[in-house]
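Below is one structure, written out as structure tokens; comments come after it.
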Amino acid sequence: MSSRGGRSSYGARAVAPRATAETPQSAKQMVDLDDFVEMTKMYAQGIVQSTPAKDVADGSGILTSRDQVASFLCGLTQFLPERMTVLRLLGHTFATVPLGESVVLKLSIPCLLYAYLFFLIFRMAMLRGFRGTYCFLVPYMVCFMWCEFSVVLLQHSSAVGLIRTCVAYFLFLFALPVLAFGLATMLCIQLFKWFLELELTKVIVTLIVCAIPVTLRLWTRFSTSILDVLSSVTHRGPVKLILLCISMVLLFFSVYLYYAEGQKVYNSTLTWHQYSEACGPPSWQSKGMAQTQIFCSHLYGHRVTWTGRFKHVRVAETENGAHSVIKMLPVFMGEWLTCLYGETYPKCEPKNTTVANTTAADPEALSVHLLLKKQEEEELCEIKALSKHTCHVKRFDSYRFEVTVGIIYEGRPELEDPARDILLMASHEFRQVLFNLEPGNLVEFSTKLEGRLGARAPAFELKAVHCLDCASSLLTGGRQVKIERNWRRTTLKAFKFAFDFFFSPFLSAKIST
């Protein structure tokens with residue numbers, strides 16, 4: 001086909017849909033996109049000759065790429081040694097102009113290059129009358145994203161880390177086939193052993209679960225697509241549903257952040273003695289427990305810091321996600337995964353007299369880590385004979401503790417009634433401090449009054465604890481604070497990073513977090 005014939009046949013095919021008055025607007029847009037793609041292919045094959053507008057667009061595209069690389073290189077000059085003053089001036093910020101309270105304009109060479117980049121993109125879009133702008137914009141946005149991502153990675157990387165990453169990627173290309181073959185072989189062997197065990201129920205259930213995604217994939221590939229079925233009911237229904245869900249999540253998250261508080265301060269003037277008199281045994285005798293609970297519900301939300309006497313601690317809950325998954329597998333596979341991801345029990349050989357004498361003679365020479373490790377090995381050796389297992393996954397355990405604390409009356413110990421005790425629910429991060437406490441220690445703790453206020457042994461969430469009279473030792477417990485996430489600050493930091501990621505050489509966010 002000649003060049004003229006190619007143009008005439010394409011023009012006849014492209015103009016026909018536009019001449020129809022009944023064609024919807026969406027169909028016209030799709031035809032425009034198809035025309036643009038077809039014209040691009042024909043232009044690449046030489047069927048359609050270039051025009052001055054296309055030449056200008058190609059020239060602008062080359063300038064855009066060069067401008068972006070130049071801005072990228074100018075920004076990296078800040079990592080050069082300070083003695084290279086001339087080169088560092090290429091990325092130096094000469095002045096900053098505040099644009100409101102949260103945005104700052106940076107006057108520098110990368111800033112000018114960044115502004116020129118927007119001008120080039122606008123010029124390319126203007127040459128086609130702003131038709132098919134997305135076809136020009138998407139490739140350059142992809143290139144822009146990768147360049148900015150490279151800048152961010154280089155700003156937070158070291159030379160040793162970059163070299164190590166390059167070597168690892170190079171070796172990964174050669175190790176990937178060997179790794180895939182090894183994993184496939186191991187999987188086949190384990191599946192074969194699995195069927196030999198003949199745990200019929202678990203095998204059938206697992207096969208059904210594994211077959212569901214495979215069946216859905218084959219059905220959507222060779223039969224009717226699920227999206228086609230949904231879109232036949234309503235036009236673009238899945239897209240609208242997804243966008244609605246995302247919008248609702250963003251809306252609720254924004255409302256939560258708006259009403260979220262910052263770092264909590266536990267400085268309420270309410271004392272434990274006042275709470276005990278108003279919501280403790282004296283009030284139970286005069287009003288009854290039910291009326292007391294209703295009366296004390298007005299104290300909900302007080303953030304208090306009290307001092308009490310530690311009595312005891314117990315484990316209220318234990319969570320282990322790895323163990324929960326392993327329990328659902330056959331026995332042989334569960335034991336194999338336990339040894340693969342868990343830890344092996346120690347050999348529990350006879351104690352070395354030399355080590356024992358060294359420990360007894362000079363206990364101060366051992367570090368805290370060695371003492372903890374030795375104590376843990378002794379405990380594991382003691383339980384190994386009872387458990388009859390070779391491996392365990394206890395390192396994935398997460399505990400929730402229940403701490404009992406009693407009120408203190410100076411000079412009036414008869415008032416220290418167990419009925420006035422409160423329970424503190426502590427998360428796993430308090431484990432080490434709680435294990436170092438002994439019954440009778442004075443502890444200062446912070447909590448929030450909520451839950452069963454006015455009842456016997458109310459349970460509050462432990463926010464911070466500090467032992468006031470713990471003996472000084474290698475394993476002494478100090479102050480432990482429960483870290484409360486400040487979601488508002490985290491979100492503001494995320495917005496600042498996203499803004500700087502897209503507009504860094506030109507604009508910068510100035511958000512006080």
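For all residues, glycine too, the Cβ spot is worked out from N, Cα and C.
TrEMBL lists 1-26 with the feature region 'Disordered'.
Look at TrEMBL and you will find 1-16 tagged as compositional bias 'Low complexity'.
Per TrEMBL, the feature transmembrane segment maps to 103-122 (among others). Beyond the transmembrane segment (103-122), the same-chain residues lying 6 or more positions past its ends with a Cβ under 8 Å from any Cβ of the stretch are 60, 63-64, 67-68, 70-71, 74-75, 89-97, 136-137, 140, 503, 505-510.
Taken from TrEMBL, the feature transmembrane segment applies to 134-155 (among others).
According to TrEMBL, the feature transmembrane segment maps to 167-188 (among others). Remote same-chain partners of the transmembrane segment (167-188), defined as residues 6 or more beyond its termini with a Cβ less than 8 Å from a stretch Cβ, are none.
Residues annotated as transmembrane segment in TrEMBL: 200-219 (among others).
Marked as transmembrane segment by TrEMBL: 239-259 (among others).
Residues or ranges marked as domain 'Wolframin cysteine-rich' by TrEMBL: 272-395. For the domain 'Wolframin cysteine-rich' (272-395), the model's average pLDDT works out to 81.
What TrEMBL lists as domain 'Wolframin OB-fold' is 396-510.
Outside the transmembrane segment (134-155), and at least 6 residues removed from its termini, the chain residues within Cβ reach (under 8 Å) are 33, 36, 57, 61, 64-65, 68-69, 72, 75-76, 79, 121, 124-125, 128, 162, 501-502, 504.
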